[in-house]
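Right, one structure below, let's go through it.
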Amino acid sequence: MDKKTIYFICTGNSCRSQMAEGWGREILGEEWNVYSAGIETHGVNPKAIEAMKEVDIDISNHTSDLIDNKILRQSDLVVTLCSDADENCPVIPPNVKKEHWGFDDPAGKSWSEFQRVRDEIGQKIKQFYDN
């Protein structure tokens with residue numbers, strides 16, 4: 001069976017989409033190719049790396065990447081994680097399903113905010129996997 005492809009997109013591919021990619025590889029990795037990208041690149045937020053390390057998921061080697069049209073076209077599912085990405089995402093081919101899972105941006109906020117958003121993203125991906 002061929003793996004499906006899921007593509008997590010947010011504004012800067014810095015926090016939310018990085019955490020989603022980490023959770024996605026952990027939870028969906030057997031059945032899905034998991035990628036993340038941004039409309040812009042802001043670098044991977046060190047607090048996102050630290051937050052994921054706290055749940056034993058290593059995203060320290062992730063890079064902050066712009067949306068890759070080849071991956072976009074080959075995706076089975078594109079998930080936008082913020083309203084900016086939802087509104088400004090490139091045109092998605094008709095064969096690709098798109099969903100919006102909105103999460104607060106923890107950048108510049110308290111450590112507990114990173115933990116909360118990390119846990120919310122993880123919970124959503126677990127629910128997605130279970131369905």
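The backbone N, Cα and C atoms fix where each Cβ goes, and this holds for glycine too.
Under the DSSP three-state reduction, CYS10 (active site, nucleophile) is assigned to strand. According to Swiss-Prot, the active site, nucleophile annotation covers CYS10 (among others), on the basis of sequence analysis.
Counting Cβ atoms from all protein chains shown, CYS82 (active site, nucleophile) has 23 others lying within 10 Å of its own Cβ. What Swiss-Prot records for CYS82 (among others) is active site, nucleophile.
According to Swiss-Prot, the feature active site, nucleophile maps to CYS89 (among others). Within 10 Å of the Cβ of CYS89 (active site, nucleophile) there are 19 other Cβ atoms, across all protein chains.
Annotation comment: Swiss-Prot describes CYS10-CYS82 (among others) as disulfide bond.
Positions annotated as disulfide bond by Swiss-Prot: CYS82-CYS89 (among others).
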Protein Cβ atoms within 10 Å of CYS10 (active site, nucleophile), excluding its own: 29
